[in-house]
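Trainee: One structure follows; several queries about it will come next.
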Amino acid sequence: MAWNNQSVVTEFILQGLSSSWELQIFYFLFFSIVYAATVLGNLLIMLTIVSEPHLHSPMYFLLGNLSFIDMSLASFATPKMIADFLTERKAISFEGCITQIFFLHLLGGAEIVLLISMSFDRYMAICKPLHYLTFMSQRMCFGLVTLSWIVGIFHAMSQLAFTVNLPFCGPNEVDSFFCDLPLVIKLACIDTYILGVFMISTSGMIALVCFILLVISYTVILVTVRQRSSGGSSKALSTCSAHFTVVTLFFGPCIFIYVWPFTNFPIDKVLSVFYTILTPLLNPVIYTLRNKDVKDSMRKLSSHIFKSRKTDHAP
């Protein structure tokens, strides 16, 4: 509490992606389109899964929750970033900065557990098909989703437990378009080496270990799939390759940023854009393009909506 009394910083200044006005106008248009596509794409996946009975299976239940997390992950900072492109002074309050950090780690932690749950679902479906319905029951699916949010909450709270009371005396410029923990703690008026080590152990190393476990898991699955030659195996291979693509796109930037919190690379901004904005857009694209059931259900849903509209407008 003594630290908090020393803080004189009430807001932070976000440096954004560029100081060029022309580039900021381009970014405003580009990211507005990307954000709208992200929200609409993930909403479409959730609506399709909820409305189509044959998609009420564990895999699609988890996919629907992944779409919700991705939509939320794209929304915790992107709307402010888009609005900031039109303003010269990109300020965010201390409370707003802490809120961004909280939701980033809440959603990131929840997505990590959910991706592990999805790999477990595919492992049981392909490697242990006779036990699949026993293990992946409705109760198990709800339990996995609940666990993902519980882990996300505890992870976010652990990151903020020491950060929220750090003394900030200036400077207050954050070299990014949102408040990211490695960049914010560098601005504290005390030595944050121990906090950096804590961040590595709780964010960077956890992400790295989970990624390695997921690679091993999908390797086992793919080896099992390659031993089969049926159409079902081909479908399983397509599904698992899509899952593994999503895992790589999500974990790659996170590991790079949080395993080296003491250094700030120029590519960090690009990676931050990738895992907070572009990956939530790529997820629905990857899953819909590689999944025939989802594509067929989307066509069925869209045709049903169009027919209903024609009926409503008919004299």
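Yeah, the Cβs are placed from backbone N, Cα and C, and that goes for glycine too.
Remember, TrEMBL labels are computer predictions, not curated facts.
Pasting the feature list from TrEMBL:
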DOMAIN    41-287  domain 'G-protein coupled receptors family 1 profile'
TRANSMEM  25-47  transmembrane segment
TRANSMEM  59-78  transmembrane segment
TRANSMEM  98-120  transmembrane segment
TRANSMEM  141-162  transmembrane segment
TRANSMEM  205-225  transmembrane segment
TRANSMEM  237-260  transmembrane segment
TRANSMEM  272-289  transmembrane segment
Trainee: Can you say which of 25-47, 59-78, 98-120, 205-225, 272-289 has the most Cβ pairs under 8 Å with the transmembrane segment (141-162)?
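Mentor: Highest pair count goes to 98-120.
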Trainee: May I ask you to check whether the transmembrane segment (98-120) and the transmembrane segment (25-47) make contact, with contact taken as at least three Cβ pairs under 8 Å and only pairs 6 or more apart in sequence counted?
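Mentor: These two stretches do not touch.
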Trainee: On average, what pLDDT score does this prediction assign to the domain 'G-protein coupled receptors family 1 profile' (41-287)?
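Mentor: Averaging the confidence scores along the domain 'G-protein coupled receptors family 1 profile' (41-287) gives 84.
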